[in-house]
Structure formats: C-alpha cells, structure tokens
Amino acid sequence: MAAGKLVCVQDYEDYARKHLSKSAWDYFSSGADDEQTLRENQAAFRRIRLKPRMLRDVSTRDLTTTILGEKVDFPVCIAPTGLHEFAWQDGSLCMMKAAASMNVCMTLPTFATSTPKELVDVAPSALKWFQLYVTRERDFMKRLIQHVEKLGYKALVITIDVPVVGNRRAMTRDGFHVPPHIKISNFGDELKRKYAFPADATDPSLSWKDIAWFQSVTSMPIVLKGVMTSEDAKMAVQHGVQAVWVSNHGGRQLDSVPATIEVLPEVVRAVGGRVEVYMDGGIRQGTDVMKALALGARAVFVGRPPLWGLAHSGEEGVRHVLQILKDELSLAMALSGCKKIKDINRSLLQHENELAKL
Ligand code: FNR
C-alpha cells in the first residue's frame, strides 16, 4: 500500500497491528499491568475541547520553535524507543533520516539498533539527543556520555522512571526475548556486557544526589525524562537541570498514574518558566499537540507513532507520520486563529467538566 493512502496516525497503527509479528506488536504496543494509564494517555486529550477564535488572518502560519536553543521546523520530535529493527531493517537510521528531513529532533535510545556514530554519518547536521539508562558502572557511563557529546549530540536525556522495569503482561505471557537477528547493543561488546535487556538494564539506587555527577562529566544540557509531579519538577530545577520531560513512559511503567496531559499543568506551574518543559504520551493528532502546547509544553515527543510509520515503510513511513502531525497542527492552528506557536495558549481550551456545568 502506498504511504499516501494512509491519512492519519491511527491508519498507521492499524496497518502495524495487522503486519507486525505478534512479539513485535506486543513489545511496541503494550502498557504495564491493566493498561489503565496507557488508555488514559489518549482518552484525557478527548476530555479537553478547543475554543477557536475567528477573523484573525491565518493566511500564513509559522510552526517553527526552538528546544534548548536549537531550531526545529515544528514542535513534534521523536521520543526514544528501543529495538527499532523489530519494525524495519536499519530502523534507527531510518528514523534519524526521517527526523532530519523534517528538521525535528531525534532522541537516540540506549537500546537503539544503530550506534551514535552511525546516526551522525547518515545525518551529520541533524539535531540529535541521547537517552541514557543509567547502570551501576559509572566509568562506563562516563565514557558513553563523553562519546556522544564528542559526536555532537546536543542533550543528555536521563530516563528516571525505570528504577526497575514495569510489568507488561503481554510480553510476560509470551516469554518475550529479543530475536537473535536484532543487534540491540551495537555500541560494542562492552555495552552488551553492561546491559542485560530488558531486566537489569538500570541501577535502582539512582537518586537526586547522582545528578551532580552527571553534570560533572558533561557540559551537554541535561533533560530529566519521566517527571510526573510538581514536587519532582521543583527538585529538578533545584538540581540545575535544563529541562523536564513529563512522561509516564507511554503507560509502560507504573500503571494507574494520570495521563501526562493531566499532570502537565502542575509541572508547568511548578517550574515557573525556569526550565523548558516537554511532554509525551498519547499524542496521535495535531489537536493533541495543540492542547499540550496550550498547557505550556515547549514541544511534544512521540514514541509509538513513528514506530507505526517504520513498520509500514521504513524512513518514508516515519516521514509521512511526522508530516501528518505537522499538517494537522498547521490546520488546527488555522482553524483556531493561531498564526504562530506563541499564539497557542490556555484560552483555547475548555475541559469537558466545565461544559457539564452548563
Ligand atoms: C519506549 N519508551 C522508552 N523511553 C526511554 O526513555 N527509553 C527507551 O528505551 C524507551 N523504549 C520504549 C520502547 C517502546 C516500544 C515504547 C512504546 C516506549 C518510552 C517513550 O520514550 C515515550 O515516553 C512513550 O512512548 C510516549 O508515549 P506514546 O507516544 O508512545 O504514546
């Protein structure tokens, strides 16, 4: 099927469900436990309605913005997800090339199927961040961080919501294992020895006092991914990080936590403009992006949508998924009277509970 026939992210998800192997589908799509949080991430967007403004000359729209000082063509970037080769050969390189051609940021996960250097080789000038799962071996961490910094990665994204791995029932039931043809840790034998995927991948003793150590080994800005409360958002600011990333890991860690769009406002309030705030979780269309920006996110990240694009047609599929989200955001802006990203604010939103009072 030509990529052009698929018109929304849901179409790509439907295609992926039909065509991926069962274990790949289970790995990509699963949430933790009862998957309440997984469902809520999308459902909560539907509870927020838009209040469009008219007669505002929207003949031209500017979707560009910056994240940590770097320009992106629109504020939808690629979240780190593991095992891209489960969906497509050279999956991480395809994602990188798609992100580069759309001029948005790609976050390379620790468990990518290509090395940090290979990404640089296919897209030398593209904006890249590196996501870190922290192991106990701090010497190894230091070398890895300094390696990506030297390669020109622009931020270190430390994932803080995986002290231990959540229980994804579909994967447990099937006895999930990584198929031998997938090269997870293409960082070399050292990485393979240090990380046993997916269990034991992280150090459960990681705590706030470790942040200073990361700051001492890198001058890359540090982004904490997995902040879900105002308390932790304030701690992040106090510890001098450059950004917080509201995330519940796509509903894959602690089940029953709120949707990310529901905690975004309290995090934005807590940081009070001192650092940038990003969010991910459940973004599937342009209006979702608009709602997150209206609630104070500087940019949003998507995890599963690019995986569905990858499963359909590799680089072309990922690019088309990003293009769909860009076009939908542009359309939503036009239809609600916004010419530029800064025009998107809270006055555009109404929660369905407020409607019920009428
Ligand atoms: C993830 N996520 C993730 N996060 C991270 O920091 N490191 C990782 O290696 C992974 N791996 C991963 C694999 C898969 C298959 C999924 C679905 C997710 C979480 C990811 O970065 C992001 O937080 C969520 O995917 C966002 O939710 P949506 O966009 O998938 O709804």
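Each residue's number is its place along the chain shown, starting with 1.
Yeah, the Cβs are placed from backbone N, Cα and C, and that goes for glycine too.
If you check TrEMBL, you get these features:
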ACT_SITE  His249  active site, proton acceptor
BINDING   Tyr27, Tyr133, Arg168, His249, Arg252  glyoxylate binding site
BINDING   Pro80, Thr81, Gly82, Gln131, Thr159, Lys225, Ser247, Asp280, Gly281, Gly282, Ile283, Arg284, Gly303, Arg304  FMN binding site
DOMAIN    1-354  domain 'FMN hydroxy acid dehydrogenase'
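Of the candidate recorded positions, Tyr133, Arg168, His249, the one lying closest to Ile283 (FMN binding site) when CA atoms are compared is His249. Note: the CA-CA distance between Thr159 (FMN binding site) and Arg168 (glyoxylate binding site) rounds to 18 Å. Comment: FMN site residues Pro80, Thr81, Gly82, Gln131, Thr159, Lys225, Ser247, Asp280, Gly281, Gly282, Ile283, Arg284, Gly303, Arg304; largest CA to CA distance 22 Å, whole number. Closest to His249 (active site, proton acceptor) in space, going by CA atoms and restricting to the binding-site residues Tyr27, Gly82, Tyr133, Arg168, Gly281, is Gly281. Residues within less than 8 Å, Cβ to Cβ, of Pro80 (FMN binding site) and separated from it by at least 6 positions along the same chain comprise Thr107, Leu108, Pro109, Thr110, Ala112, Gln131, Val157, Thr159, Lys225, Gly303. His249 (active site, proton acceptor) carries a helical DSSP state (H, G or I). Looking only at the binding-site residues Thr159, Ser247, the densest Cβ neighbourhood within 10 Å occurs at Ser247.
Across the domain 'FMN hydroxy acid dehydrogenase' (1-354), the model assigns an average pLDDT of 94. The Cβ neighbour count for Tyr133 (glyoxylate binding site), using a 10 Å radius over every protein chain in view, is 21. Comparing C-alpha positions, Tyr133 (glyoxylate binding site) sits nearest to Gly82 among the binding-site residues Gly82, Ser247, Gly281. According to its DSSP assignment, Tyr27 (glyoxylate binding site) is helical.
Between Tyr27 (glyoxylate binding site) and Gly82 (FMN binding site), the C-alpha separation comes to 9 Å.
When Cβ atoms from all protein chains are considered, those within 10 Å of Ile283 (FMN binding site) total 28, not counting its own. Arg252 (glyoxylate binding site) sits 13 Å from Gly82 (FMN binding site), taking the Cα positions as reference. Arg168 (glyoxylate binding site) is 15 Å away from Gly82 (FMN binding site) when you measure Cα to Cα.
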